[in-house]
Amino acid sequence: AAVDIQPACLGLYCGRTVLSVNGSVETYGDCGVCPRGQRTDDNKICRECTGSPDRYDWLYLGFMAMLPLVLHWFFIEWYSGKKSSSALLQHITALLECSIAAVVTLVVSDPVGSLHIRSCRVKKLSDWYTMLYNPSPDYITTVHCTHEAVYPLYTIVFIYYAFCLVLMMLLRPLLVKKIACGLGKSDRFKSIYAALYFFPILTVLQAVGGGLLYYAFPYIILVLSLVTLAVYMSASEVESFKDLLVRKKRLVVLFSHWLLHAYGIISISKLDKLEQDLPLLALVPAPALFYLITAKYTEPSRILSDGGNGH
């Protein structure tokens with residue numbers, strides 16, 4: 001049989017596109033960048049991504065979708081304070097904005113009109129940073145083979161953030177102008193101004209650290225949720241179960257952190273073995289219970305008084 005001998009296709013992510021298929025015979029183009037929605041196989045041939053995201057991929061996308069929502073809620077709460085009763089409506093509006101943006105992002109992604117997306121499987125960290133692996137065969141000319149090897153996990157986040165920003169600019173100013181009467185004119189739009197700062201930051205974070213976040217986000221969730229829960233309970237002077245029941249808002253914050261704990265545990269375990277992984281969810285209330293049990297022993301005034309009595 002005749003063998004089509006072609007020069008080697010250098011580079012980790014360079015490949016040959018399939019120009020035509022005649023029966024079982026394929027004709028290939030020159031070695032270069034793969035088109036969007038394709039990545040190289042083991043034979044350096046660009047193949048279309050026909051798979052679907054696995055459970056971990058969806059959990060990663062869920063984490064990236066939660067980031068702007070959590071920041072929205074934080075700044076709404078931060079700038080509303082105790083002067084306005086409109087915070088709840090703003091929270092609901094932020095949730096609505098992010099939910100609509102997520103649905104629209106899935107609908108416009110390939111295949112268009114469906115909530116399903118096709119994707120390429122993530123094999124290693126370098127798949128997120130193909131621009132760092134462009135080969136230079138003669139050490140002078142660089143062959144540019146940068147493409148989205150993790151299609152569409154990298155770009156779909158940018159599309160989602162763009163829709164979030166557009167929906168926020170369309171919906172939130174009208175809502176805030178109508179209901180935020182308890183705030184001054186300069187204060188009522190501060191949560192929107194904050195979003196105009198954190199969206200570019202999130203975009204740069206995804207652009208530079210998308211691959212690192214993909215592998216580290218379960219641990220980031222656990223650490224941040226533990227730290228923020230401890231800070232909140234300390235700042236709110238929660239020292240017993242009775243203090244939690246005094247205000248409904250504290251219970252809402254507690255349950256929100258529990259949901260984040262559960263999300264982090266599920267992301268780490270991936271629920272591959274249900275009989276082993278589901279019992280881990282029983283650990284979700286443990287940090288809060290530990291804090292409440294030990295809070296009275298670590299109260300600063302108590303420690304100072306005990307120290308004074310010792311001397």
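Easy rule for this one: first residue shown is 1, then count along the chain.
Note: Cβ is positioned from N, Cα and C throughout, glycine not excepted.
Annotations in TrEMBL come from automatic prediction, not curation.
Among residues of the same chain six or more beyond the transmembrane segment (58-76), those with a C-beta under 8 A of the stretch's C-beta atoms are 87, 90-91, 94-95, 97-98, 102, 153, 156-157, 160-161, 164, 168, 190-191, 194-195, 198-199, 202, 206, 213-214, 217-218, 221, 263, 266-267, 270. The feature transmembrane segment is assigned by TrEMBL to 58-76 (among others).
The transmembrane segment annotation in TrEMBL covers 88-108 (among others).
Here TrEMBL flags 151-171 (among others) as transmembrane segment. Long-range Cβ contacts of the transmembrane segment (151-171) within its own chain (Cβ-Cβ under 8 Å, at least 6 residues beyond either end) map to 36-39, 49, 53, 57, 60-61, 64-65, 68, 72, 93-94, 96-98, 100-102, 104-105, 108-110, 117, 119-120, 122, 128, 192, 195, 199, 202-203, 206-207, 210, 214.
TrEMBL lists 192-213 (among others) with the feature transmembrane segment. Outside the transmembrane segment (192-213) by six or more residues, the chain places 60, 63-64, 67-68, 71-72, 75, 78-79, 125-129, 150, 153-154, 157-158, 161, 164-165, 168-169, 172-173, 176, 220 with a CB less than 8 A from a CB of the stretch.
Residues annotated as transmembrane segment in TrEMBL: 219-238 (among others).
The transmembrane segment annotation in TrEMBL covers 250-266 (among others).
Residues annotated as transmembrane segment in TrEMBL: 278-295 (among others).
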Same-chain residues at least 6 beyond the ends of the transmembrane segment (250-266) whose Cβ lies under 8 Å from its Cβ atoms: 59, 62-63, 218-219, 221-222, 224-226, 228-229, 232, 236, 238, 243-244, 277, 280-281, 283-285, 287-288
Contact between the transmembrane segment (219-238) and the transmembrane segment (278-295) (3 or more Cβ pairs under 8 Å, separation 6+): yes
